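> After the structure tokens below, expect a handful of questions from me.
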């Protein structure tokens, strides 16, 4: 499915390249940089799945590889420091490049290293999960966790290019596929109801071209949003639907309990319930959301982990979206979205939250 989307950024424009031939597309992206040093950053899972691909990279380029333990715990300043050490040891200059190959953790981590090493070196993203292809790789957000807080340290630093290949999804476990669908449903529910309806009816096993079309449509929606509001002052805030609660769940629960897309699904359900309670969203829309989550085996409650509303509320207070005095939720409406500001001292809201979980 060779296609290209061009993303306009106030920092730096870049292309999203859809391809069935990753090696050729990467070579085209590198151009004259083929002779420069490249550091490929990936995790153990991706490295073992695609070791032959990394061997081909090593044959064609002046390439080094940084492989780290899989999982969100590696999205840390300690791992950043280890990658800095390798860049320094191999004498990487400002003209050399990083290539990230993996899911959202790999992209966020590698992008953060690229943004901060020598105050910024170029990088290319090759996302290998559905979630990273449709969401985390798009828009330039990079960062790491800090002291148990999700994405606490980061920046907006766009890549030179993003290479999208659905062939990577052939090795993706069903649970991770559903996590990607969760983010696609998020953008569809708020911004593109026809996309939401297509995802509701989609048959993965029999419609590969349909999946490619849905991925392209989802990415196109996010591209449009980040071009209008790159630094999240208005419209891009809508993409945080489900994320206030979702990030708190991720901070308090082990990754085995809830993966990112699953935590966001629970967050979307609670945000939608809040919207229904305030007359902003028809209950039929909430029911539709619950039905499609059930179809993709996405959780809608916190039954897998023993987490209290009080502990969640305490984590809310550290959320990046907050104002000085308020916790910010993104609520879906019949025609889009709105924000809900909850006072950080509103203990009655804790009781309300407890009733919604």
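Heads up, the Cβ atoms here are built off N, Cα and C, so glycines get one too.
Sharing the features that Swiss-Prot gives for it:
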BINDING   104, 105, 106, 107, 108, 128, 129, 141, 168, 169, 170, 171  NAD(+) binding site
BINDING   183, 243, 260  Zn(2+) binding site
> Where residue 168 (NAD(+) binding site) and residue 183 (Zn(2+) binding site) are concerned, what is their Cα separation in Å, rounded?
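Residue 168 (NAD(+) binding site) and residue 183 (Zn(2+) binding site) have their Cα atoms 18 Å apart.
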> Spatially speaking, which of the binding-site residues 183, 243, 260 is closest to residue 104 (NAD(+) binding site)? Use C-alpha to C-alpha, please.
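For residue 104 (NAD(+) binding site), the spatially nearest of the binding-site residues is 260.
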> Report, as a single number, how many Cβ atoms besides its own are within 10 Å of the Cβ of residue 243 (Zn(2+) binding site).
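Step by step: centre on the Cβ of residue 243 (Zn(2+) binding site), count other Cβ atoms within 10 Å, giving 25.
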> Nearest by CA distance to residue 108 (NAD(+) binding site): which of the binding-site residues is it, out of 183, 243, 260?
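Considering only the listed binding-site residues, the nearest one is 260.
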> If you measure residue 129 (NAD(+) binding site) to residue 183 (Zn(2+) binding site) at Cα, how many Å is it?
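The Cα atom of residue 129 (NAD(+) binding site) is 12 Å away from the Cα atom of residue 183 (Zn(2+) binding site).
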> Taking just the CA atoms, what is the gap between residue 170 (NAD(+) binding site) and residue 183 (Zn(2+) binding site) in Å?
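Distance (Cα to Cα, whole Å): 19 Å.
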> What does the structure give for the C-alpha distance between residue 243 (Zn(2+) binding site) and residue 106 (NAD(+) binding site)? Integer Å is fine.
20
> Around the recorded Zn(2+) site, report the further residues of that chain (criterion: Cβ within 8 Å of the mean position of the Cβ atoms of 183, 243, 260; site residues excluded), sequence-ordered.
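For the Zn(2+) site, the extra neighbours are 131, 135, 136, 179, 182, 186, 242, 246, 261, 263, 264, 267.
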> Could you tell me which of these binding-site residues, 106, 168, has the fewest other Cβ atoms within 10 Å of its Cβ?
168
> Taking the Cβ of residue 183 (Zn(2+) binding site) as the reference point, list residues of the same chain whose Cβ is under 8 angstroms away and which are at least six residues distant in sequence.
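Long-range Cβ contacts: 131, 134, 135, 218, 261, 264.
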> Quick one, of the binding-site residues 108, 170, which Cβ has the fewest other Cβ within 10 Å?
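Lowest Cβ count within 10 Å among the binding-site residues (108, 170) is 170.
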> In the structure shown, which of the binding-site residues 104, 129, 260 has the fewest Cβ neighbours within 10 Å?
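Candidates: the binding-site residues 104, 129, 260. Fewest Cβ atoms within 10 Å: 104.
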